[in-house]
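K.L.:
First the structure, which I've put down as C-alpha cells, then a few questions once you've had a look.
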Amino acid sequence: AMAISDVGLPGEVPWKKMSAEELENQYCPSQWGVRLRAEEALRTYSQIGIEATRRARATRKSLLHVPYGDGEGEKLDIYFPDEAAEALPFFLFFHGGYWQSGSKDESAFMVDPLTAQGVAVVIVAYDIAPKGTLDQMVDQVTRSVAFVQKQYPSNEGIYLCGHSAGAHLAAMMLLANWTKHGVTPNLKGFFLVSGVFDLEPIMYTSQNVALQLTLEDAQRNSPQLKVAQAQPVDPTCRVLVVVGQFDSPEFHRQSWEFYQVLSTRNLCQGEWKASFEQLHDVDHFEIVENLTQKDNMLTQIILKTIFQ
C-alpha cells in the first residue's frame, strides 16, 4: 500500500511525472492482479458475474429490466428478500468497466448474501461509451436513484455502491441536485469500491478513445474537485471509500485523496461521515467477486452499515 507521505503536496500530482506507458499501466487494473494474468482475470470476473446473476434470477423474487427512463439503456433489475415488507433498505449497484463495458446482466454479485439478510438489491444499467457520454451516464444514474425513491417512498434507506467507474458514478451522487428531480432520496450510505474520483489522468490513457473527455468534461465530472463544496443531505449518511491491497498505486492514491477531501470539510458545510478501508489480499476484481460470499469482509461491512 502507498504510504500517506508518498502522496506528496497539493499540486505535486504523481501521475503528471509518469511516462505515457507507466500512466497507461497504472490505469489498467488487470495488469495488477497477483493470482491471474490480465485476460484471465477479466474472464474470471465476467464468469463470476454472469453466474451470480443467473443464480439470482433463478432463486430470488425479482423485477427485471424495469425502465427508470425512456432510453432503451435506462433499465434496472430489483431483487427482493423472501420476506415481503413495505419498508426495506435498498442497495443500488453501479457496475464498472471504465464507462465503456460491463452490464447489469452480469453484475448481480451481492444479491444472494444481501437479500438473505433482508436488503432489496437494485442493479442499474446506464448507456456506456461510445453510446453514452459521461454527462449522460451521471444523469442516468441520478434518475435511477430518484426512481427508486419514488417507487419505494417508505424505504429504510438507500445505499449506493459502485465499483471502479461505477464508484465514480456513485460518488457523483454526493453532488446531485435532487430538487430538479422532484424528490430527495433517503440516502444513508455510499460504498465506493476501487474508484476513480479525479478524471484528468484518464484523458491521457487509451480509455479516453471511447470516452472523448475534454479537460472541462473531466473537471466537471471529478468529485475529487467538487465534493468539498457539497452539502451532505443527511448528516447520518456514511461514505466508505474502499480499495484493494493489490489495486495499482494510482487507484490507492485516488481513493486515499478522495477520503481525505471528504474528511477535511470546512465547518460551515456540515460533515460527511467518511471512512477508509484497504481490503487485505484482493485485487481490483476480487474485491467485487467476493461479494458473492456472505462471510466476506466487505459484505459484512455493508451489512453492518445498513443494520447498525
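Backbone N, Cα and C define each Cβ position, glycine as well.
Keep in mind that this is a model prediction, so the values were computed, not measured.
Among the features that TrEMBL reports, domain 'Alpha/beta hydrolase fold-3' is placed at 92-262. The annotation motif 'HGGXW' is assigned in TrEMBL to 95-99. The annotation active site, nucleophile is assigned in TrEMBL to Ser164. According to TrEMBL, the active site annotation covers Asp247, His284.
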K.L.:
Cα-Cα separation of Asp247 (active site) and Ser164 (active site, nucleophile), in Å?
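P.N.:
So the alpha carbons of Asp247 (active site) and Ser164 (active site, nucleophile) sit roughly 11 Å from each other.
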K.L.:
Counting across all protein chains present, how many other Cβ atoms fall within 10 Å of the Cβ of the residue listed as 'active site, nucleophile'?
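P.N.:
Excluding its own Cβ, the residue listed as 'active site, nucleophile' sees 26 Cβ atoms within 10 Å.
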K.L.:
What counts of helix, strand and coil residues does DSSP assign across the motif 'HGGXW' (95-99)?
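P.N.:
Once the DSSP states are binned, the motif 'HGGXW' (95-99) shows 0 helix, 0 strand, 5 coil.
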K.L.:
Rounded to a whole angstrom, what is the C-alpha distance between His284 (active site) and Ser164 (active site, nucleophile)?
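P.N.:
Here the two Cα atoms lie 8 Å apart.
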K.L.:
Please identify, from the active-site residues Asp247, His284, the residue with the sparsest Cβ neighbourhood, meaning fewest other Cβ atoms within 10 angstroms.
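P.N.:
The active-site residues Asp247, His284 were compared, and His284 has the fewest Cβ atoms within 10 Å.
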K.L.:
Take the motif 'HGGXW' (95-99) and average the pLDDT across it for me.
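P.N.:
Average per-residue pLDDT within the motif 'HGGXW' (95-99): 97.
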